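Taking it in order: structure first as structure tokens, then the write-up.
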């Protein structure tokens, strides 16, 4: 009922607030006898952690992960794996001036309406920092999927109004935007600098491509593979939409265009984005999520305080001008969790 | 694990295949003492049923609902409500010629890969007919939400490349497209006729607006209101994407544009689409789903048979040239189920 | 949240009231390609149905099962299997005199407290008739378990104060008590006749033995195999307790007595009842449930009416003097459902 | 699917092994604005911790709890509460000699069969130490239930063959057995000393009485209050059976005896143990669980090693001669979790 868990057979439960003592996750349902070390987790966390470039927040979390259970002599035991990251560079005083105001674009207002209390230090539970637990869990799922030859790659397709023209996987980890086109990345960076100068932020689109998925994954009729991927992606703070394959362009297409014909080698096109009837086709799974511009900006904005008085707010603190590159590993992690979960569910069906 | 149930506190489980004996649903968790009759359900089913206009399939199902449990002397008892619709106008022989072929755009191939057997009569479980159970369950949710003053309205925003220019709720049920703009509806109809003449089908966009939702609904961090709405919508067969509020346009916006400022009367704009941090703001909830063109078209298409031989397929049968108007009540039903579920979950949190 | 579903990977959802239109069940998660006919189900239902002997109620339900979905050309398709039994011999008028009274031992009072409304015709949802859906679902689980060489046998171990001295499986279906000892069965029958003459009813103990279960089933720490069997058994109306292996006798034992030693052939004794640490050992699983005497008796009893006035009640209707023989197939069905579910969960863990 | 979580609306997920880095729990679904401190948790943990008397193990864990999330400025925020206890007095070397042997009565064999790997240090995940997380979570549930005027009291009713003759709640925390009869407690202690001298252990019965529960709790038909209490209790390592109210005695009773009559003041007797049809009656809830004698004894026992060779085993280490007094707080904790969960579920039903 309460919503801090995700997945059925491969199940994660995150905990922790941005400026509390720690953030972390329990993963239940991991196959026994998987070799697993803190390094396996750390390398994914390093991709998400703050302070990687001028695009992101300068908050200096070392984000060192500790595995506290479920691993014995370097191998998983099939019991819950608890992973924790202690918060270190917390500066709750940054929020002293604004904790009685509702920051535009943030969940301040809604958390207070829902819970009648909120941990206002750095957005508390609503902080992007919560996703560290997801990335840690996703690292395990990715390792299991690698054994299945499944490969998940997300990247910034668009940011600050600039769209990638090329799809070059080799450059993704070599530019601060995690864009798939080096030239576009440079232009994005330029535009983001301009936005930062204006104390503003920018949005973008992250695309994800998954290869090696066997046909047959997904649980009609409600837990379709695309339905669960959509659930997973929309559970990421800044994501406001998702589309598969041809996506919103399908609105303007004819059936004869959108239908993917088949020949003896398989599907000729992939407008479906690798999923038909909620089940994987075996083709590449392709989806895109839209990432809203970071809500925290240092410009004055109009809002109200707890009593409803109109006030002007300036969100100082340390923020990302464009969150896309840090969302990339989160998208991959959540996709990995969904897929690993569905592999297990498929086995259960046929058990 | 198996995926034919949806919701937690208000939970539906559908059953049935297109050309089997019946389709239906069990709804568990309905508040006791709600006055409920078969007429309450029937009026929603009539909006979904086939044969309403030239846009849709001429299949002539009367779609009469029977309530078999959970209602006593006209009132709900708090126990599971089973509702059933017997299939009548089944013509499995329509599928005789094609049951060994994979129809492009359909789930034939993926169902066979997943289950190694498939009920090929009219798509079986993958048929849009399964959504009758959802609409029946949604009718109960809508009745409960009406008591809460929540109103859900979906409509065709775009079809066959034509977009509505007006937003006039009063015309929705008065045109065969369920469009929100009468002039646009006429143009859509014209274009659809052209497509039909070419034995083709068209896609579109369905928009949904929900008013009266209290602030505070949604269960961070995974069961955010938008995440569960996305899950629900992508579980509808032809839906390939969803966006909330400003949606994909957010990719090109600045934070200063996208952030919704507040004044003493509440939110000034609603780019968030009524949801912040996964929790309802109290503003109108607005989302759009993209509906792919109907997969069944009477044109010859390239595909393969069960043995992988390349063949030409012509899907005769009785199909919708544009599925948008019949998806409208399904979108409303699923939205109602998600909301009623979250109202209950919010009560449980505070119990 | 609402409680009409059971199981995770093999999941059943029952519906229906005793004197409503029908009772039934949806089973989701059944392996595809299992050969399944209505006869497979019917033979188990016939063991549960009323009117089998003088021990049970003379209510004359034919209890014919109909499979409405999930089976195609004689085989399961992996989609939800809906099975329904129409109610025929309903006599709600039997309850006219007593529907404003709380029958002692029945759930009348508690249903009204919980739901503020109750279908008083024959106990409504609280009727033992609801278990028909369980037995139907259990028949599928049993068929799947038979392929795994798992055999489940329940029987009346004690009734009316008479305990079986022999354990002879061959006689169980040959005496109206389903006792495992023919002589004891005769004595039980005699005592039950005496009780019936006094318009009274009797209790008993049903024992269940399961062979062929592989070691390794059960999901520590909360979903231990014994914990889920206990959940399943206590969900049966008249069951008030359960014990595994040595059971309550363990209270008086020493560790050196209770511990099951091992030698090269396996476990030497089986005080554990086939489950250690919540996981099957591979030995016979043995448990006993206590069945309270049937609540409906034709003797005058003291109770109150809806307004709290003290009244005398005589429950006429048609009732079982001893419910044990009809609980036997329900115990087997629920055990089968738990086991099949755990086989699937074990596969998911290792997927 | 994996079984380390329990509860639906009030949901706990435990993690950790006996001799790993830590044990703990996440509790999701706690009502916001509850005042909660580590002291509230600690006082319950102190009742469970080792080293309280000669009856229990001398392992000297300080069992200090840390709350890492979900509490802000002394109040719950409605977000997941993570509580952790670091393991300190671990002596894995105690297990060096025996980690290749299957200790009789322990889960060594079954864990290895299930997971093909096991953390053999002090039983790993199967250790009673895992229940520390349950007691911590239960402390929160108890605090919430106290606001509802619900009081849960468990105590040793029988141990080492000695049964309490009195029911005196005031003495429970004043004798090392947590027995409800001071004289019986002394006799129990004497018998336990004798057993210890013989390097043996003893079993017992723990009874639990719950007052103040409103009528109407429980979710028919599968999640009956007694069914879920049974699930919860059987999930405790050493528990091998449970009975409600008259319990197994019901087997020998007549309906006219077992049925609880009502008069204008309510129920006259309570053979039902406070639950009818799976729903609370408002009377005292009464159940008993049987606790097997502690498996770890220092006597030589016959067993086999990993290769199946017959060997003699002596379990040294530090163990409880009678686990009943330490199971008492665990029984209370699990009962509290079930009840709080059902209070929430009842609210959700009526939302």
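Note that Cβ sites are derived from N, Cα and C of the backbone, with glycine treated the same way.
What TrEMBL says about a protein is an automatic prediction, not a curated fact.
Listed in TrEMBL for this protein:
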BINDING   C:48  NADP(+) binding site
BINDING   C:125, C:126, C:127, C:277, C:292, C:293, C:294, C:295, C:296, C:318  FMN binding site
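A map of TrEMBL features onto the structure.
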| residue | record | contacts (Cβ under 8 Å, 6+ apart) |
| --- | --- | --- |
| C:48 | NADP(+) binding site | C:63, C:131, C:132, C:135, C:326, C:329, C:330 |
| C:125 | FMN binding site | C:16, C:17, C:18, C:111, C:119 |
| C:127 | FMN binding site | C:17, C:18 |
| C:292 | FMN binding site | C:105, C:203, C:238, C:239, C:240 |
| C:294 | FMN binding site | C:201, C:202, C:238, C:319, C:320, C:321, C:322, C:323 |
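Listed binding-site residues: C:48, C:125, C:127, C:292, C:294. Those with a CB under 8 Å from a CB in chain D, in sequence order: C:125, C:292, C:294. When secondary structure is read from DSSP and collapsed to three states, residue C:48 (NADP(+) binding site) falls in the helix class. Proximity to chain B, taken as a Cβ less than 8 Å from one of its Cβ atoms, holds for C:125 among the binding-site residues C:125, C:292, C:296.
DSSP classifies residue C:294 (FMN binding site) as coil under the three-state reduction. Other Cβ atoms within 10 Å of the Cβ of residue C:296 (FMN binding site), summed over all protein chains shown, number 23. The secondary structure of residue C:125 (FMN binding site), as reduced to three states from DSSP, is helical.
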